[in-house]
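Some features that TrEMBL has for this protein:
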- 1-72: domain 'Signal recognition particle SRP54 helical bundle' (DOMAIN)
- 83-263: domain 'AAA+ ATPase' (DOMAIN)
- 84-287: domain 'SRP54-type proteins GTP-binding' (DOMAIN)
- 91-98, 175-179, 239-242: GTP binding site (BINDING)
Amino acid sequence: MKFAEKIKALFRRNKLSEETFEDLADLLIEGDMGAALAFEIVDSLKAACKKEGISDPDAAKAKLKELLRPYIKTATFELDPGKLNIVLILGVNGVGKTTSCAKLAQWAGRQYPGNNVILAAGDTFRAAAIDQLKIHGERLGIRVVAQQHGSDPGAVLWDAIDAAAAAGAQLVIADTAGRMHTRSDLVKELAKLDRVVSQRADQANYRKLLVLDATTGQNAMRQAETFHEAVKVDGVIMTKYDSTSKGGMIIAVSRQFGLPTLFLGTGEKYENLQPFNIDAYLEDFVGE
Ligand SMILES: Nc1nc2c(ncn2[C@@H]2O[C@H](COP(=O)(O)OP(=O)(O)OP(=O)(O)O)[C@@H](O)[C@H]2O)c(=O)[nH]1
Ligand SMILES: [Mg+2]
């Protein structure tokens, strides 16, 4: 059953009772929202229903949506036309970083026609990573700046920034190696790369997007915490949203770290990247 269907079924009961609220808390936890946040939301729903005399389950569901909305920070991905825009794509292993680089490059190319995009093969750690990005670049007709396997990712970024300046490109999207948030040495390396890019391109519009896999559940909170602490992340790309009907993590990450989700990855194709839309999201999560 789709997650929203479960919420719907819950509010299809004849009347609101203590049990409805308890079951709702369980469901929100199951939806990856985390226990503390789930109870907080259920408590405020209960209070609002009492205060406003809401006894109709449908009205309570509408109220739930209304209460969830301010928890979700939103932001749009926009290029600064007067600057070089740099996007560093980060995350743990296998979450969909490289695929997201390619998807974002295509999306930005369409959104800003005539703008040159450069992909930077900043994952120099995994042998096949450079080729993987090059293949995406060939398919999409987008230039990929790369060095050899094992080279310094900071140097690749320098090259890409130089190439962008020379070509008048407005956007550099850089892949990075997957690193587990539990590996503090690798997280430190990322912080170093971040410093290198900040110094090299201090006039640029430089952003860091953390890729989180929607099927990871609460572990994504640990990932967000570590990466945000290390490099101050600007936003999230939530991938594999097509593989789960739950998405409570988007609310949890927003609430806990103030991080907006900018895009949803909704499949393996280049087209499967959608700018985050709060109305559509709430409809997915709670139902219409
Ligand atoms: N269903 C689905 N699959 C996705 C999505 N995004 C990425 N994938 C798949 O996830 C797998 C891993 O994607 P990659 O882009 O290689 O992940 P990565 O984070 O770069 O992996 P490493 O570089 O090894 O850390 C691939 O099979 C992708 O096709 C998505 O939004 N939905
Ligand atoms: Mg990769």
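Each residue, glycine too, has its Cβ placed from N, Cα and C.
Predicted automatically and left uncurated, TrEMBL annotations should be read as such.
Here the features listed in TrEMBL are painted onto the structure.
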{"residue": "GLY91", "record": "GTP binding site", "Cβ contacts under 8 Å, 6 or more apart": "LYS97, GLY178, LEU210, VAL211, LEU212, GLN223, PHE227"}
{"residue": "GLY94", "record": "GTP binding site", "Cβ contacts under 8 Å, 6 or more apart": "GLY178, ASP213"}
{"residue": "THR176", "record": "GTP binding site", "Cβ contacts under 8 Å, 6 or more apart": "LEU88, ILE89, LEU90, LYS97, GLY122, ASP123, PRO153, LEU190, LEU193"}
{"residue": "ARG179", "record": "GTP binding site", "Cβ contacts under 8 Å, 6 or more apart": "VAL92, ASN93, LEU186, VAL187, GLU189, LEU190"}
{"residue": "TYR241", "record": "GTP binding site", "Cβ contacts under 8 Å, 6 or more apart": "ALA214, GLY247, LEU264, GLY265, THR266"}
Among the binding-site residues GLY94, THR176, ARG179, which have a Cβ atom lying under 6 Å from any atom of ligand 1?
GLY94
Under DSSP, is LYS97 (GTP binding site) helix, strand or coil?
helix
Coarse DSSP state, helix versus strand versus coil, of GLY91 (GTP binding site):
coil
Near ligand 2, which of the binding-site residues show up if the criterion is a Cβ under 6 Å from one of its atoms? Options: GLY91, GLY94, THR176, ARG179, TYR241.
none
